[in-house]
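Handing you this structure, nothing more for now.
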Amino acid sequence: MAMKVTGGFILDENGEQVAKDVYIKDGKIVEHVADGDIRQQFDATGLLISPGFVDVHVHLREPGGEKKETIETGTKAAARGGFTTVAAMPNTRPVPDNAEQLDLLQARISETAVVRVLPYASITTRQLGQELTDFKALKEAGAFAFTDDGVGIQEAGMMLSAMKEAAALNMAVVAHCEDNSLINGGAVHEGHYAKAHGLNGIPSVCEAVHIARDVLLAEAAGAHYHVCHVSTKESVRTIRDAKKAGIRVTAEVTPHHLLLCEDDIIGKDPNFKMNPPLRAKEDRDALVAGLLDGTIDFIATDHAPHTAEEKSASLERAPFGIVGLETAFPLLYTHFVKPGTFTLKQLIDWLTVKPAQTFNLPYGTLQVGAAADLTLIDLKANETIDPSMFLSKGKNTPFAGWDCAGIPQATMVAGKTVYKKERITNE
């Protein structure tokens, strides 16, 4: 079946807006389709036609956490936010730490996901940090990469072994960097906010010391080491130095760490509680600078839904994490592109081709022959963030009430429309 997306514009290699019709056949982008062969047509007049967004850090919670989110609700949220490919973190119950569990997870993905879902496998059995999983069997079963995200690998020897195993299979080790001996039972960053509210704080070095250790281990193992949700200036410096030394390290940053710091926390609202925590303003500034200079490779949401009951607890007792799939692009476009800090092309690249290239994925592009994963965006449309409108089960966001521009209007995965607003017609 052939389709034509007409009237929109794309960004060329220089970031210039160019009017472009996009032709789709059999789920792939093609150069042209004869008018007589077109069976569906979308009116994208005035819309940016972007490659579908790629998010390599999403918590879908299923199996075991279906009260927070399911594969179905999480991928519907992804589609609404313009994401066509997401990678699902393994901190579920049970953990996908063997081929059988990974097979069951992939069957569930096939049944209920509305966007493409790539499953992570865990580095260690049950994510306990004590025994390596069977990397070879998990790769053969379809693992995207290996991570124990949610907890850090505490033993250097265990991490080195994991990196050697992954390197032999040309797979990435993806790390949540946190030294348990330095957490201090903290709920927020160890800074002036913690002091003012009498709270235990998590120091910056809790994250940075693991990165400093791991880049040396990655060098020794010859592994691709990817750092999740970088949050501190020390981490940025360490990654920058490692890249200069030729170590194969990549890194991501979340929208919330780019947008917020501890100064922005309102009262003791648990919707401002995430891990890693919101750091100092100089850390936030270092993250923006690191993204701009290439130290940080791309943006990932760390979408982490929780129930309203869980997030209604005190700041000290509520779980870490916020949702992000449905707010990422509008927030970043409004607060970084419109003021001129980022170009539109930079933002699109950090959400598409950059994560795809980092993990050797054939997505995030509008090239002929690529999967027809498209996100159609009205850059002039405005909305106020309203959690009651989220398709995610999780409503836990610190951005409620924020006004944003740049609203996704439709999302297509392999040529199939998985999300749309009213203006997309003639399906």
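The backbone N, Cα and C atoms fix where each Cβ goes, glycine too.
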Per Swiss-Prot, which of H224, H229, H256 sits in the Zn(2+) 2 site along with D149, H176?
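Among the candidates, Swiss-Prot records only H229 at this Zn(2+) 2 site.
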Say Swiss-Prot lists H57, H59, D149 as binding Zn(2+) 1: which of D297, D302, D349, D373 is in the same site, per that record?
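Checking D297, D302, D349, D373 against Swiss-Prot: the Zn(2+) 1 site match is D302.
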If you count other Cβ atoms within 10 Å of each one's Cβ, which of the recorded positions D149, D302 has the most?
D302
List the same-chain residues at least 6 positions away in sequence whose Cβ sits under 8 Å from the Cβ of H57 (Zn(2+) 1 binding site), in sequence order, or say none.
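The answer is A87, M89, D149, C228, H229, E252, T254, A300, T301, D302, H303.
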Max Cα distance spanning H59, L60, R61, N91, N275, H306, F320, G321 (substrate binders), Å?
17
Which are the residues of the chain, D149, H176, H229 excluded, whose CB is within 8 A of where the CB atoms of the Zn(2+) 2 site average out, their centroid?
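Other same-chain residues near the Zn(2+) 2 site: H57, M89, T147, G150, V174, A175, C177, C228, N275, D302.
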Count the Cβ atoms, other than its own, that fall within 10 Å of the Cβ of N275 (substrate binding site), considering every protein chain shown.
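Taking every protein chain into account, the count is 20.
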